[in-house]
Amino acid sequence: GFFQSYAVEVDIKDASNATCLYANWMMRFLITYESNNGDYKTTTLNLSSSATHNGSVCGNDTQAALVAVQFGEGHSWSINITKNNETYQGDFITLTYNTNDTAVFPDAKRKGPVTVLMKDRAGPVQLNTVFVCHSSFAIEAENITQIFWNVTVQAFVQNGTVSKKETRCPADRPTSAPTVPPTIANVTTAPTTTAPPAPTPPPKPVENPATGNYSLKSGNKTCFLATVGLQLNVSQDKPLLININPKTTVADGACGNTTATLKLNDGNSTLIGF
């Protein structure tokens, strides 16, 4: 679907008016909240065209850099970026959304600002290098999904000039073509006798996932029951099959009057929501 969103550009200057941190990116948030009638709804929070970046700081060897953005009706977002030897890396992301914004949260039960902390999972980037990611990627925490795309950022800029050297996110990197051995023509060799190649063993079949019984309670009453075996087929360079183990999977979620949410976490950073 199409979501109305705006790019944010932050060019932070140091005391000598030289650029010390540059960032340009787009993002939006999917937020699940409880309505007045007890249902749980998911809304989209987008950046506005009037976003500001008050409170952003350059950072140094002992102090983290900070990119802070304020937008809409009382919403704000920030990220701490730390420096370690020859690299820099995002640390914690803080989102504060205001449920008094009735255009985004028209019937929220809880009123006022809500703050959520998230860990930035991107890896370290070499100093004097720009991190670029045109592809979209998401970070999830509690009832929030943050979606980013068209990201360009360099912290601890040297000599006030943004570097032309880039580090791309994995989703942007092209897949390499298979190597084809060169053809050797017009070479005469004596015939040799070799044993036929051994047959390729068939792939080991993947076991069916174990069936788990998952439930949620509302007070003393069970409000959600699921008996299901789950297997994930992840598309990547090599297909990856993951069986969800009921013995190590924890069920969480909530029930409303007309909707229910079941979240399954297997303890290995695999989270499935229904």
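Yeah, the Cβs are placed from backbone N, Cα and C, and that goes for glycine too.
Of the cysteines listed (Cys58, Cys169), TrEMBL assigns Cys169 as the disulfide partner of Cys133. Highest local Cβ density among the disulfide-bonded residues Cys133, Cys169 belongs to Cys133, counted as other Cβ atoms within 10 Å over all protein chains shown.
Counting residue by residue with DSSP, the domain 'Lysosome-associated membrane glycoprotein 2-like luminal' (209-271) contains 3 helix, 38 strand, 22 coil.
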